[in-house]
Structures are given as structure tokens and as C-alpha cells.
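Trainee: This is the structure, below, for whatever I ask next.
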Amino acid sequence: FWFFGHPEVYILILPGFGMISHIVAYYSGKNEPFGYMGMVWAMMAIGLLGFIVWAHHMYTVGMDVDTRAYFTSATMIIAIPTGVKVFSWLATLHGGAIKWETPMLWALGFIFLFTVGGLTGIILANSSLDIMLHDTYYVVAHFHYVLSMGAVFAIMGGFVHWFPLFSGYTLHSTWTKIHFGVMF
């Protein structure tokens, strides 16, 4: 199952990355995100690395120590391109005239939740700790922070940002900010 099912979770978040990059650049008054080519390479690396880390879901099935060491290392390497993305989003914000509109709040919420989820992922990448944390709410929190809430926040940010373009109607600013506050 994890051999084909695991790459899916890394591929599912890629459209969210694109939406967050657009929103952060737009509401920072920038033409493009900081380190555009680094962001492209980071997304490609995340997509490819997702195919070689699948067994980190199977540490408890009796793998030998060398195999666990490989998958621990390979899983931790994913932190590098994701760190590049988070750094680039924050660098895009730096020095910009930030417009504190609702899509930007969703994007900042995404960056925060994705970072917290990434930190929990680094801890879970360690096979020794993962065995201790197996079947706990720590694992549930990790994937909800990264994928569930990450994807939801990216989709909501994209929806609020592009809805006026697609429909010709503007969403009420106060109510959308209240909606963000309730969700966060």
C-alpha cells in the first residue's frame, strides 16, 4: 500500500504550494516569489523524494537496522526542499508592502501550520522515535497539520483570492476574516 500510496500525499500538497506562492507574492506587492527557480527545484525534489521514503510508515514491521537507517535519512532529506520553500515565502514577505487581506491571512496560517507539521515530521522521521510514537495522536497531529489543514488553508486562500476574478463578486472582507479566525 505505502509503495504507491505514499507519493500521493507529497503530490497532493504541490498545488497548495503554488497557490501560497501566488498569494504571498501578490499581497506582498512583489512580482514573483523570492528564489523562483529554487522554488521550482524544491517542488520537483519534494515530488521525487516522495517516491523513495514510503517505508517510513513501516518501521514497526521488523525491518533490519540498515533499512531503517536509510529510510530515516531519506525522510529527513525532504526537510531541505520544504525548508527552501518556507524560507522563500518568508523572504518574499520581507521588505514588501504587506496587504493584510484575508487571502494573506490564509497563506500565513498555511506557512505556520506547515512549519509545525514539518517539525513533527522531522521527529517522526527518526525510526527509533517513530516506533515509540506509533499509533499515537502525535502521528495524527503530524499529518493533519501538514496535509489536512495545509491543503485546506491553501484552498481557502486560493478561493478567497480568485473568487472575485472568476465570479465578478467580491466577498465581504470582515466576514472572510472572521471565517479565517474561526478556522485558525
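Here the Cβ of each residue, glycine as well, is placed from N, Cα and C on the backbone.
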Trainee: Membrane side check (same topological domain name in Swiss-Prot): PHE34 and GLU101?
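Mentor: Swiss-Prot topology: PHE34, GLU101 on one side of the membrane.
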Trainee: Given that Swiss-Prot assigns HIS56, HIS57 to the Cu cation site, pick the one from HIS6, HIS134, HIS142 that the record assigns to that site as well.
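Mentor: The candidate from HIS6, HIS134, HIS142 that Swiss-Prot ties to Cu cation along with HIS56, HIS57 is HIS6.
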Trainee: Six or more residues beyond either end and a Cβ under 8 Å away: which residues meet both conditions relative to the transmembrane segment (102-123)?
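Mentor: For the transmembrane segment (102-123), the list is 16, 20, 23-24, 26-27, 75-76, 78-79, 82-83, 86, 89-90, 129, 133, 138, 141-147, 149-150, 153-154, 156-158, 160-161, 171, 173, 176-177, 179-180, 183-184.
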Trainee: Tell me, by DSSP, whether HIS144 (Fe(II)-heme a binding site) is helix, strand or coil?
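Mentor: It is helical.
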Trainee: Comparing the binding-site residues HIS56, HIS57, HIS134, HIS144, which residue's C-beta has the most other C-beta atoms within 10 angstroms in this structure?
Mentor: HIS56
Trainee: Would you say the transmembrane segment (137-166) and the transmembrane segment (1-27) are in contact under the rule of three or more C-beta pairs closer than 8 Å, pairs 6 or more apart in sequence?
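Mentor: In contact, yes.
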